[in-house]
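Asks: The feature Zn(2+) binding site is assigned by Swiss-Prot to 29, 213, 238, 242. Look at Swiss-Prot and you will find 31-41 tagged as motif ''HIGH' region'. Positions annotated as region 'Disordered' by Swiss-Prot: 154-179. What Swiss-Prot records for 270-274 is motif ''KMSKS' region'. The annotation ATP binding site is assigned in Swiss-Prot to 273 on the grounds of sequence analysis.
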């Protein structure tokens, strides 16, 4: 089976055929940094982290861009509430986001542009739309005229003839009266007293929400990309409007493939800050829920399906992770006494190199994993393979933990070692890492050496080795926090 994903644009599962063979350009809509992130954000970024890891593992050269929306009404409102600047609110929440993502073992994007760093590109894009008659000024604002877009509504299925007020999303007071059509949306908002603003051909002001992503996609990846990612709540209006303005300006397709994750529900209702039914990532992790339990909880469901958040479901994930972790940490805890190699996990295909492993069942298990993940990123199917691999390893781990003699025939031990190697190899593809009991902590110099080695592994796109180094540090009570620009900070957990 070829690698296939469900395209939100066509509602069909399609073979992945990138613009350039062997490469994948991906843009993921990032957070609006006005508050801490909740479990819904965790779900989205865990899913897309696995997509990225899997594509890399399958041999693709992936360029992954994720933005920060750091100018928005929500940020301005929070700044006014707290009596601080918009920048202070943004910086605080960007830092918190990066810490949360690091704890969840989510790889940092290759680049993380900010809307405020793309003002020139935004203004250029608006000018191009204006020159094509697709933008108009109204009382200090500039709006996109949806009648100039081809097939507006093709992503969401919305009909522009539906005269729904506020349809463009994030509308300001009185904005509807300044628009020609309810679906028209702001490209540039005229300056208001006390708000940050930038000079422009239309007077001082700031960008609208949708134009920011269109400009950052073009700035970072060009006019057409392979995959555009986001939550299902962004299909309309945000992604619909991105398509309209980008394709009108550029005259070409914005993204070949659109992928959207399902929502996290609480009591049958979408988790959201506006409804007040959310739980932050930080609160969950600080309450004692392990990061890998949270990852497992998310990956047990297909990324497109709704995910019900209940105490029972989280407890079940914790139980599942306890067993999986026992198997994953077996080599680290007892590998030396068993004579096992604790080198980095093998690359894809290495399990059947040179005629294949002694146990052909491992080849079949790896192929089951690939078949599941190739089928629209079926992470629950991938996890099933991990649990199958883990069963005999858990039994051995339990015997060793009880101090029982683990004397086994050499061939059987060798087979279990191969099973463990494949388990941690595939677990790394899903971003799952063992959480061993903390050993005596390293000194600062040793930590710095390990971080340098991990940085070199990441530069070589050897993420399995990078994860192995992170795991070893975590086992010794050192937590790494990756930040944009290749910077890694650490704390003693």
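Backbone N, Cα and C define each Cβ position, glycine as well.
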Asks: Please report the Cα separation of the residue listed as 'ATP binding site' and residue 238 (Zn(2+) binding site) in Å, rounded to an integer.
Replies: 18
Asks: List nothing but the one residue from 238, 273 whose Cβ has the fewest other Cβ atoms within 10 Å; the candidates are the binding-site residues.
Replies: 273
Asks: Name the secondary structure element type, per DSSP in three states, that contains residue 29 (Zn(2+) binding site).
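Replies: Its secondary structure by DSSP: coil.
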Asks: Do any residues of this chain, six or more beyond the ends of the motif ''KMSKS' region' (270-274), have a C-beta under 8 angstroms from a C-beta of it, and if so which?
Replies: 35, 38-40, 233, 263-264, 309
Asks: Using Cβ atoms only, which residues of the same chain lie under 8 Å from residue 29 (Zn(2+) binding site) while being at least 6 residues apart in sequence?
Replies: 66, 67, 213, 228, 229, 230, 231, 234, 238, 239
Asks: List the residues in the vicinity of the Zn(2+) site, defined as same-chain residues other than 29, 213, 238, 242 with C-beta within 8 angstroms of the site's C-beta centre.
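Replies: Residues close to the Zn(2+) site, other than 29, 213, 238, 242: 209, 210, 212, 214, 228, 230, 234, 239, 241.
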Asks: Once the chains shown are all counted, how many other Cβ atoms turn up within 10 Å of the Cβ of residue 213 (Zn(2+) binding site)?
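Replies: Other Cβ atoms within 10 Å of residue 213 (Zn(2+) binding site): 29.
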Asks: Going by DSSP, how much of the motif ''KMSKS' region' (270-274) is helix, how much is strand and how much is coil, in residues?
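Replies: With helix first, then strand, then coil, the motif ''KMSKS' region' (270-274) has 0 helix, 1 strand, 4 coil.
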Asks: Any idea what DSSP makes of residue 213 (Zn(2+) binding site), helix, strand or coil?
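Replies: Residue 213 (Zn(2+) binding site) sits in a helix per DSSP.
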Asks: Residue 242 (Zn(2+) binding site) has how many other Cβ neighbours within 10 Å of its own Cβ?
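Replies: Other Cβ atoms within 10 Å of residue 242 (Zn(2+) binding site): 26.
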